[in-house]
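Quick notes on the structure that follows.
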């Protein structure tokens, strides 16, 4: 069973959580894209929802599927956010931001009454950190900010390298908000809360990809032969 099949299986399990009339945060990434396609089918069948996208890519995908959209200025409180994750541990702590949408993703998730993560089971880890942790930073003073982030990483008991993210073309990546992304390749993060606090103390940091105490549940799809087996962390 392929990775896209598992992502679709996780997304299928999340679709029944979406009720008529909901104000829905819609995530970014390949698993969220599978959810958007399924949600579009439900909308065309008569489901009434209003979505708030977490990126320009998600906005375009939702418009393509005919999903009605609004902004957080229109809907400052949401009922539910469905989004993917790059890693999730047993305490529902996440690393997100592989799609460079971490700032908007976190704003939307925190504005929601509930957040449910959808992912294939390979994203479930014992300790966060194998996936590079994205840190969104202001372009002004990026060199000084990078050095301050390095110091914060060391104080949190982590080691590794910090690399500015680039596009496939080789150009430095800019987020939808016009910021840069530093990827922290740490291997493991023994104390996510300490690292989060340290990063927040750096003035040039706009946001980081540690989502702590935000997710309510995670839907994880694993392959058993040709079958997808879906499990749930937390409570749906």
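In case you wondered, yes, glycine gets a Cβ from its N, Cα and C as well.
Feature annotations, courtesy of Swiss-Prot:
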{"type": "ACT_SITE", "residues": "105", "note": "active site, proton acceptor"}
{"type": "BINDING", "residues": "28, 29, 30, 31, 83, 84, 85, 86, 96, 97, 98, 99, 123", "note": "substrate binding site"}
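Feature annotations (Swiss-Prot) mapped to structure.
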| residue | record | Cβ neighbours (10 Å) |
| --- | --- | --- |
| 28 | substrate binding site | 29 |
| 30 | substrate binding site | 14 |
| 83 | substrate binding site | 32 |
| 85 | substrate binding site | 27 |
| 96 | substrate binding site | 30 |
| 98 | substrate binding site | 21 |
| 105 | active site, proton acceptor | 31 |
| 123 | substrate binding site | 22 |
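Cα of residue 83 (substrate binding site) to Cα of the residue listed as 'active site, proton acceptor': a distance of 8 Å. It is 11 Å from the Cα atom of residue 105 (active site, proton acceptor) to that of residue 98 (substrate binding site). In this entry, 28, 29, 30, 31, 83, 84, 85, 86, 96, 97, 98, 99, 123 make up the residues listed for substrate, with the farthest two CA atoms of the set 16 Å from each other. Sitting within 8 Å of the Cβ centre of 28, 29, 30, 31, 83, 84, 85, 86, 96, 97, 98, 99, 123, and not among those site residues for substrate, are the Cβ atoms of 27, 32, 105, 119. Under the DSSP three-state reduction, residue 105 (active site, proton acceptor) is assigned to helix. A strand conformation is recorded for residue 83 (substrate binding site) in the three-state DSSP classification.
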